[in-house]
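See below for the structure under consideration.
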């Protein structure tokens, strides 16, 4: 076998071929890229809050006003850090009742308004009770945004760059994390001790997100949602705008056909539209009685659980206390500065994951790489912490421990942080996608709250080093689960992904071989009237009567 043939079989070569097969207009559509950025920015409130939550308690103005004793003591700040995740869980659960009723754009604006209300309560709160209430209120909006953002991106993205656009959500997460930590660092240096210190931190993101809310009025609605609610003409026009292809283009017609065929199959299964009360009940029934959907739900819940158990989010939420554990903390200003560098590093790592890894080496390859790096980092930190506890660690080992905190961030960003958002949104069928995203995010935030609340106790009761061993063990479990159970879905359409989940759970990790059910008759492109009949679940005669055609 020659070198050229070996290279042709690599993931990078296959990814390049898939990109070349897509029309340039589709890949570089300004409408698509603009809409993807707006929806990806739904991640900004989440990680701005995480970055602020980990460092704001170190600001003297915050400590004086709310009576927080120390920003480097995980036990002292765990209520402030973790309460937001209760609101996240409730917001994610309730989003299912809104997403399919009002559409992706309107839901996006509603959730931003709720999040902003929580921040307004925080910056005006006179006491700790108001502070904690504001955390729950803002969490309602953050949790719902974590559902609608990835959901909308996956619905508008073409298969060739779906992974890249889905990873933009993570890029925005870590851009916000980096910006928030440097914002706090600037506040620490340039604003005297007062309430204004922490108020500035929470006002800045509201201004930016208000601009994006206005921008959302200038992008099309999700074509899949429009077709799902029987607004065929609007759905077709939206798809034309996103793809920058003529309406008669065979590729656009084929994509439209694929969407409406899957919608027809799902409607025939449930017997009603998703927006009626009966339709909601049938969607819930479809989720829990169809084996393929149960496989999806099980997998997504596990994929959201593993990042917490591997320690990835714990490093972000308790970065300053962890830096103190490894002996790299000197004072509050130094800790905040290191936190800002950590946010910057995670942002850079997310760019690497987004543009070089997810669609190039695939979802499974990214998970393998990221989890392996996390495992090595956690083992080093466990050994170092134990040795340092006994007084035997050198200065070089201490510097190495700080470096491995950052190396752990690379592994986490490459694998378990990015992939649940990408894979967790793209594997759902059209009708249950909103419910699936809501259920998975609800579980995600409840589990996130549990881990965030428990990590200080875990570290304290295991003498710190045992906590890193706990994280490392779960990295091993994650590697085994990815190898056996997680399918590779890069460059597949969402309808092809649906075929994968018809297989038993233990077969999901096998390579996709194509859909044997596709026949030449099924692959024929339908004309406009046939497509609209399928999308609206009406006969041709009924449709002509509706239009007034004789």
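Including glycine, each Cβ sits where the backbone N, Cα and C put it.
Annotated transmembrane segment per TrEMBL: 26-48, 80-98, 110-130, 136-154, 166-187, 199-219, 301-320, 340-358, 365-383, 403-423, 435-459, 465-484, in sequence order. According to TrEMBL, the feature domain 'Major facilitator superfamily (MFS) profile' maps to 35-490.
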Exercise for review: Take the transmembrane segment (435-459) and find every residue of the same chain, 6 or more past its ends, with a Cβ under 8 Å from one of its Cβ atoms.
Suggested key: 74-75, 78, 81-83, 85-86, 88-90, 92-96, 99, 139, 143, 146-148, 150-151, 283-284, 287, 293, 296-297, 300-301, 304-305, 308-309, 313-314, 317-318, 321, 325, 420, 424-425, 428, 466-467, 470
Check your understanding: Over the domain 'Major facilitator superfamily (MFS) profile' (35-490), what is the model's mean pLDDT?
Key -> 86
Check your understanding: Looking at the transmembrane segment (465-484) and the transmembrane segment (26-48), are there 3+ C-beta pairs under 8 A, with each pair at least 6 apart in sequence?
Key -> no
